[in-house]
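Working notes, beginning with the structure itself.
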Ligand SMILES: *Cc1c(COP(=O)(O)O)cnc(C)c1O
């Protein structure tokens, strides 16, 4: 059951026709499907039934409050990486005891905000951060629950910019330094080690790297027990991949079953931090063809969405499927689909075979629900796009399109 499908030759988002949405809200336009978000969250979360677990959606994938509220209503906790994301999660009604805080550069003010809120735990990424957390907690008369992000030195076999669990990456602590960090907690009055954590990368299309990391963490857990350190949480991060093109990532149930097999009898509560797998295929970006042009080397479709709206193709060379919103049955040609921004790196697709669409027609860019709007900018003074959340026949403006006034508001 797909929630972005063609009905009578017109792309729909759930029960609503996409051209109707564009007539009302313009382009570029992000459209999210509530039914898809719900289905993805429930499919993921239930894959771990039988394991004591908490699914903490990774806010940075899609942090719109409407999306966070929907997921919080389904029982999701949240994985945050900034004070801004904490603010959003709390605003969306997420109980603080379901929030975990990751990230290599938490500032003292952000640590204070998270302690004030009473989050479940900090995933600590350095000794310097541990000392800062102890200091801030002490000044507030609180004890901070911490877990250390362990870098298991596992190759997730994904794009280098989104692989995070290898020795050369900036994230976490290597195994030996992690042991020392746990030992250090005994000398700090305001931190309590409660868990261990890893997040090895994003868009993983096999479970083998997850299991390799898990084995290293379980060995590590034995060493902690040997030191008399007793923890309760095992946070395995996010990273499960999705289908953008031809990828065949494992279904969450396959991951769930592998975890259940490996963790039988291990008395740890498992935390999972999925982002992309929940939101990625729950959103599309709709754009209008502004001009077409051909040079001796290329055919171009110049569209009104650009790298400032969806940076993944420019940043990672990512593939996003692109289709006509109303297929016209024309012959295909090879196109570069490019935006109006003054950068040769501004493209949504290169050398893509597409029907020969014409000026004024609409294209849908699929799999744009994660790391789409959240990575958007105002480069070239382009107001950021409108975001809609569709639920059956109901359309909610989840975020208004920015205006020119918004662009300069903080400057005057
Ligand atoms: C980005 C991130 C995630 C989510 O990754 P996905 O690939 O979107 O599932 C989870 N945990 C941490 C610490 C992250 O930085």
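Glycine too: its Cβ is placed from the backbone N, Cα and C atoms.
TrEMBL: automatically predicted annotations, no manual curation.
Per TrEMBL, the features are as follows:
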type	residues	note
DOMAIN	36-279	domain 'Orn/DAP/Arg decarboxylase 2 N-terminal'
MOD_RES	60	N6-(pyridoxal phosphate)lysine
BINDING	239, 273, 274, 275, 276, 371	pyridoxal 5'-phosphate binding site
BINDING	276, 312, 316, 343, 371	substrate binding site
ACT_SITE	342	active site, proton donor
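Annotated features, which come from TrEMBL, shown on the structure.
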residue	record	CB count, 10 Å
60	N6-(pyridoxal phosphate)lysine	20
239	pyridoxal 5'-phosphate binding site	29
273	pyridoxal 5'-phosphate binding site	26
274	pyridoxal 5'-phosphate binding site	25
275	pyridoxal 5'-phosphate binding site	24
276	pyridoxal 5'-phosphate binding site	26
316	substrate binding site	16
342	active site, proton donor	9
343	substrate binding site	14
371	pyridoxal 5'-phosphate binding site	25
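Checking the recorded positions 276, 312, 316, 342, 371 against ligand 1 with a 6 Å cutoff on the Cβ atom leaves 276, in sequence order. Here the CA atom of the residue listed as 'N6-(pyridoxal phosphate)lysine' lies 9 Å from the CA atom of residue 276 (pyridoxal 5'-phosphate binding site). Between residue 274 (pyridoxal 5'-phosphate binding site) and residue 343 (substrate binding site), the C-alpha separation comes to 32 Å. The residue listed as 'active site, proton donor' has 312 as its nearest neighbour among the binding-site residues 273, 275, 312, 371, going by CA to CA distance. Residue 276 (pyridoxal 5'-phosphate binding site) falls within a helix when secondary structure is assigned with DSSP.
On a Cα basis, residue 371 (pyridoxal 5'-phosphate binding site) lies 7 Å away from residue 312 (substrate binding site).
Cα-Cα distances to residue 371 (pyridoxal 5'-phosphate binding site) place 60 within 10 Å, out of the recorded positions 60, 316, 343.
Checking each of the recorded positions 60, 239, 273, 275 against residue 343 (substrate binding site) by C-alpha distance, the shortest gap belongs to 60. Around the Cβ of residue 312 (substrate binding site), a 10 Å sphere holds 21 further Cβ atoms from the protein chains shown.
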